[in-house]
Amino acid sequence: MVFRIASSPYTHNQRQTSRIMLLVLLAAVPGIVVQTWFFGWGTVLQIVLAALTAWATEAAILKLRKQHIVATLKDNSALLTGLLLAVSIPPLAPWWMVVLGTAFAVVIAKQLYGGLGHNPFNPAMIGYVVLLISFPVQMTSWLPSYEIAAQVPAFSDVLQMIFTGHTAAGGDMASLRLGIDGISQATPLDTFKTSLHAGHSVQQVLQLPVYGGVLAGLGWQWVNIAWLAGGLFLLWQKAIRWHIPVSFLLSLGLCATLGWLFSPHSLASPQMHLFSGATMLGAFFILTDPVTASTTNRGRLIFGALAGLLVWLIRSFGGYPDGVAFAVLLANITVPLIDYYTRPRVYGHR
């Protein structure tokens, strides 16, 4: 009898990259549905534009690099990059913005480094930050939730706003906001920071229509709960590990609680931090990117906690209302250092 000795690894994970990406895309459905419910069909249209751009640009670069196009596109990583960017930008942003951001994310932030598995920074967040720095006005032009919107644009108006900048009746973004008192910026985090800088107290800010008596903001807390539900699905399917989301949310919640207890008249409450902006999207769908996150369990805890601290610092003292994208990229920079000091010790090695 002949015994064959196989080389390591002796255990195999049968899940392919494409299957994991499909699970993530499936988990994103609740967040997309709820975000569309509160903010309109623009969310879906931005996703379609981002997906088409991601596939087209990735295919073009792969052709230039003389690599297999179909096999690479089937891993769905480009599609996920486009989706994460699309749900992060205002639903009525001009069409060319999501195209530009997605192309930059795929070509510069991903393929320039060698493709999937080689990029040190999260591509979607690179694309988002490029757009935010280059076009700050358009990137902060969110309409308030449809619950308090002065007028709800029809699907045809949404199409025209994205592709022409005007509705069929000639209205623009300013006219869609008309009649909503006290809203200069439509997201709760935008409104909170802008109003505090204008000299209003926290109690006065929370009386604005964008909050509607809900500390995390009308619509936004349900959007975050939907992304949380998708994240729990990923944990149940073991598509992601618990270390990064838990440490991120604990760190953000702890910092927000301490800050709020110390200065309740100038800092946001823990509830607002946890259920506003891109908190849950970042915790479960962005920070958990296996390529750009730490690879050890202790490292993941440190990585997530660091990102949570950075989000709180940027939101509370920085120039941008939501610091998730910047926090992710800054935490990505530290990954090699974190992995170096948290790598398992080899048995017998001093």
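Including glycine, each Cβ sits where the backbone N, Cα and C put it.
DSSP assigns Thr187 (FMN phosphoryl threonine) to coil in the three-state reduction, outside any helix or strand. A C-beta separation below 8 Å, combined with a sequence spacing of at least six in one chain, links Thr187 (FMN phosphoryl threonine) to Thr140, Trp142, Val210, Gly217, Trp220, Ser276, Gly277, Pro321, Asp322. Among the features that Swiss-Prot reports, FMN phosphoryl threonine is placed at Thr187.
Tertiary neighbourhood of the transmembrane segment (20-40): same-chain residues 47, 75-77, 79-80, 83, 87, 91-92, 142-143, 145-147, 152-153, 158, 218-220, 222-223, 225-227, 229-231, 233-234, 237, 239, 280-281, 284-285, selected by CB-CB distance under 8 Å and a gap of 6+ residues from either end. Annotation source Swiss-Prot lists transmembrane segment at 20-40 (among others).
Residues or ranges marked as transmembrane segment in Swiss-Prot (evidence: sequence analysis): 42-62 (among others).
Under the heading transmembrane segment, Swiss-Prot lists 89-109 (among others), citing sequence analysis as support.
Annotated transmembrane segment per Swiss-Prot: 123-143 (among others), in sequence order, evidence recorded as sequence analysis. Using a Cβ-Cβ cut-off under 8 Å and counting only residues 6 or more beyond its ends in the same chain, the transmembrane segment (123-143) has close neighbours at 39-40, 80-82, 84-85, 88-94, 97, 100-102, 104-106, 108-110, 149, 173, 176-177, 185-187, 190, 286, 320-321, 324-326, 328-329.
Summarising the annotation, Swiss-Prot assigns transmembrane segment to 214-234 (among others).
Non-local neighbours of the transmembrane segment (242-262) in the same chain are 231, 235, 268-270, 272-274, 279, 282-284, 287-288, 293-294, 297, 300-309, 311-313, 316; each lies 6+ residues outside the stretch with a CB under 8 Å from one of its CB atoms. Annotation source Swiss-Prot lists transmembrane segment at 242-262 (among others), citing sequence analysis.
Panel annotation: around the transmembrane segment (267-287), residues 24, 27-28, 31, 84, 87-88, 122, 124-125, 187-189, 192, 202, 215-217, 220-221, 224-225, 227-228, 230-231, 234-235, 240, 244-245, 248-249, 252-253, 256-257, 259-260, 293, 303-304, 307, 311-312, 315-316, 321-322, 324-325, 327-328, 331 of the same chain, lying at least six beyond its termini, place a Cβ under 8 Å from a Cβ of the stretch. Sequence annotations record features per position, and here Swiss-Prot assigns transmembrane segment to 267-287 (among others).
The feature transmembrane segment is assigned by Swiss-Prot to 301-321 (among others).
The transmembrane segment feature in Swiss-Prot is assigned to 322-342 (among others); the stated evidence is sequence analysis. Residues of the same chain lying 6 or more positions beyond the ends of the transmembrane segment (322-342) and with a Cβ under 8 Å from any Cβ of it are 88, 120-122, 125-126, 128-129, 132, 187, 189, 276-279, 281-282, 286-287, 292-296, 298-299, 302-303, 306-308, 310-315.
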Same chain, outside the transmembrane segment (214-234) by at least 6, Cβ under 8 Å from its Cβ: which residues?
23-24, 26-31, 33-35, 38-39, 144-148, 187-189, 191, 206, 240, 245, 269, 271-272, 274-277, 279-281, 283-285, 288
